[in-house]
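As recorded in Swiss-Prot:
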type: SIGNAL; residues: 1-18; note: signal peptide
type: DOMAIN; residues: 26-132; note: domain 'CBM21'
type: CARBOHYD; residues: Asn54; note: N-linked glycosylation site
type: CARBOHYD; residues: Asn70; note: N-linked glycosylation site
type: CARBOHYD; residues: Asn98; note: N-linked glycosylation site
type: CARBOHYD; residues: Asn111; note: N-linked glycosylation site
type: CARBOHYD; residues: Asn168; note: N-linked glycosylation site
type: CARBOHYD; residues: Asn267; note: N-linked glycosylation site
type: CARBOHYD; residues: Asn333; note: N-linked glycosylation site
type: ACT_SITE; residues: Asp340; note: active site, proton acceptor
type: ACT_SITE; residues: Glu343; note: active site, proton donor
type: CARBOHYD; residues: Asn460; note: N-linked glycosylation site
type: CARBOHYD; residues: Asn582; note: N-linked glycosylation site
Amino acid sequence: MRQFLALAAAASIAVADSCHTFTLANSPPDDKAVALSSYSYCGGYLSASAFVKNLSYDKLVTLYWTNADNKSTPLNAGSLDYVKAASDDQSWELWSLNVTTVPDGVDALLNITYVAASIGKTNSQQLNVQVEATGDPIPTPQIPTIYKPYASPSDFSDDITNWLKPSNDSQTGIAKSFLFNNINIPGAAPGTVIAAQSYSEPDYAYTWVRDASLVMDVVNRLYSSAKSEEKRQLYEKILFQYAKAGAQEQNDPTAISGMGEPKFYLNNTAFTGSWGRPQNDGPATRAITLIEFANAYLANGGSQDTVREQLYDSDKYPQVAPIKKDLQFVASNWSSPSFDLWEEEESAHFYTRLVQRKALLLGADFANDMGDHELSDKLKTQASKLSDTLPEFWDSARQLILYEYGPVLRGKYSYKDISVVLGVMHGYANDNVFSYTNDQILATAYQVSTSFLDVYKVANTTSDESGKPLGIPVGRYPEDVYDGVGTSQGNPWYLTTMAMAEFLYRSVQEFEDAGSIIISDTSLPFWKYFASSVDHKAGAKYNKNDQSFKTSLKSLTGWGDAFMRRAKYHTPSSGHMSEEFNRTTGEPRGAKDLTWSYASLLSAAFAREELRNQKNYLTNVADL
């Protein structure tokens with residue numbers, strides 16, 4: 001962490017010569033373990049240094065301030081980075097930060113806090129220092145950046161239809177085969193999903209709670225649609241094995257973070273090395289998948305007693321039935337900070353909140369069906385409380401849903417992360433709360449996806465060999481430094497690029513179901529980029545029979561296919577999909593045969609063919 005933050009600080013804009021540094025202390029204090037030494041506020045950048053007593057190796061030093069409106073929010077804080085020793089005996093260290101404060105601004109420094117994690121001590125210094133700006137003027141934020149689209153695709157394309165056809169030799173068939181190759185691999189505990197059969201550089205030979213649930217969601221959709229009795233029984237067996245494996249994980253005494261433990265060995269015992277834990281999205285996504293499986297199982301004529309004994313009732317059947325315990329955990333822990341789905345930072349995350357909300361809402365109905373009315377009421381109450389926190393993530397100044405509601409972490413100054421889009425895909429509860437057509441979601445999808453245009457050189461290749469448009473290569477977030485093996489420069493990911501395709505397909509479906517489109521100031525940049533063939537104006541409304549309605553949705557569909565074509569363009573003819581493709585060359589990078597990549601392709605294909613009204617598509621894939 002220190003090394004990364006140092007790199008981030010070095011990459012920040014240096015304090016200009018015209019900036020003035022205000023000194024508060026020239027030497028370490030005698031009566032405190034932390035003290036602010038100096039600060040400078042210039043050109044929208046806040047720089048500060050502090051003396052920190054060397055009480056432990058694991059340290060977290062945070063400076064808090066109020067914004068330009070003299071309000072303190074979770075955004076108005078910054079983590080300091082180790083610079084050097086500040087005393088000959090190494091008992092004191094000098095730490096610093098250099099962060100942009102645009103668009104929020106700074107009014108006053110409130111306090112600096114030092115957590116010596118390994119010894120459990122917290123130290124702080126109250127400041128209440130009125131900040132004086134010097135040097136260059138604070139820039140006026142231009143948010144969001146308006147990009148001119150490089151293409152105007154429209155409607156479905158035959159090449160993508162052929163690539164995704166329901167046959168064993170298509171990419172859909174290949175993806176399905178490779179996905180199942182990573183479930184119950186030889187020697188692994190039944191019900192486990194290996195993230196990738198990559199055992200070094202990188203070592204992904206583990207089962208992750210979240211990833212496994214997303215893969216099993218695809219398996220459940222196949223189960224729900226299969227006509228082949230042989231295939232249906234196979235999927236059913238795997239899903240019951242998965243449920244039992246989840247219960248075993250819940251009860252593993254070696255799990256350091258208990259129910260929030262994210263990662264297990266293939267024998268289904270907890271990984272106990274250093275890791276980003278807890279990850280509280282996992283119990284939520286597992287509950288969602290298993291509730292949806294339980295409902296599908298009952299719809300197929302399954303026994304409610306079997307559902308209660310092998311899926312739901314964790315109190316009576318703790319070794320095999322995980323749903324109730326997952327729901328109880330989500331209800332009691334949703335407000336606690338946890339690590340994000342990228343396993344990098346601890347905060348309050350939009351993705352985690354949205355999947356937790358869906359779990360609570362689905363769980364409330366399911367618990368009621370199981371006769372567990374007291375738990376059902378509790379889940380409804382907690383879902384309502386969680387829902388009240390979601391508006392906090394919308395930043396009107398940035399015109400963006402923040403991926404996390406907290407200070408800048410790991411140098412992610414843009415606050416842009418594709419996890420917001422993934423949150424809608426995995427956590428939308430079909431109740432118009434942050435739906436696919438929500439203006440704030442559309443604005444965020446536009447900002448996040450276009451943010452990679454200036455990051456990846458491969459984005460300069462905008463068409464394939466036949467001249468068909470390629471969608472934007474999408475990574476996790478623009479400041480990413482994980483390169484698939486180590487840290488250098490981040491790359492586009494297959495699953496995030498295809499997630500944008502699925503997002504657009506599902507947006508079109510939702511607009512068609514609604515029968516109208518209303519353009520707002522917030523959503524206007526989205527429409528101007530992804531439906532540029534219509535001269536959109538804020539305040540315009542298109543009804544289902546209007547040509548602008550039809551043209552706009554055909555444009556979104558065309559961009560959906562363009563994003564799929566981007567993934568296709570960087571996929572070798574063998575159909576093998578890695579985690580990433582190189583930001584410069586476009587060659588596959590990182591873990592080979594990433595299970596989540598195949599799940600993402602299948603999920604996008606299901607959304608596309610549903611939009612095309614291909615009612616037998618999912619059944620045909622399930623029966624392959």
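Note: Cβ is positioned from N, Cα and C throughout, glycine not excepted.
Shown on the structure are the features that Swiss-Prot records.
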{"residue": "Asn54", "record": "N-linked glycosylation site", "Cβ neighbours (10 Å)": "17"}
{"residue": "Asn70", "record": "N-linked glycosylation site", "Cβ neighbours (10 Å)": "10"}
{"residue": "Asn98", "record": "N-linked glycosylation site", "Cβ neighbours (10 Å)": "21"}
{"residue": "Asn111", "record": "N-linked glycosylation site", "Cβ neighbours (10 Å)": "17"}
{"residue": "Asn267", "record": "N-linked glycosylation site", "Cβ neighbours (10 Å)": "10"}
{"residue": "Asn333", "record": "N-linked glycosylation site", "Cβ neighbours (10 Å)": "18"}
{"residue": "Asp340", "record": "active site, proton acceptor", "Cβ neighbours (10 Å)": "24"}
{"residue": "Glu343", "record": "active site, proton donor", "Cβ neighbours (10 Å)": "15"}
{"residue": "Asn460", "record": "N-linked glycosylation site", "Cβ neighbours (10 Å)": "9"}
{"residue": "Asn582", "record": "N-linked glycosylation site", "Cβ neighbours (10 Å)": "21"}
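The number of other Cβ atoms within 10 Å of the Cβ belonging to Asn168 (N-linked glycosylation site), over all protein chains shown, comes to 10. Each residue contributes its Cα atom, and for Asn460 (N-linked glycosylation site) and Asn582 (N-linked glycosylation site) these two points are 13 Å apart.
Secondary structure of the domain 'CBM21' (26-132) per DSSP (helix as H, G, I; strand as E, B; remaining residues coil): 3 helix, 62 strand, 42 coil.
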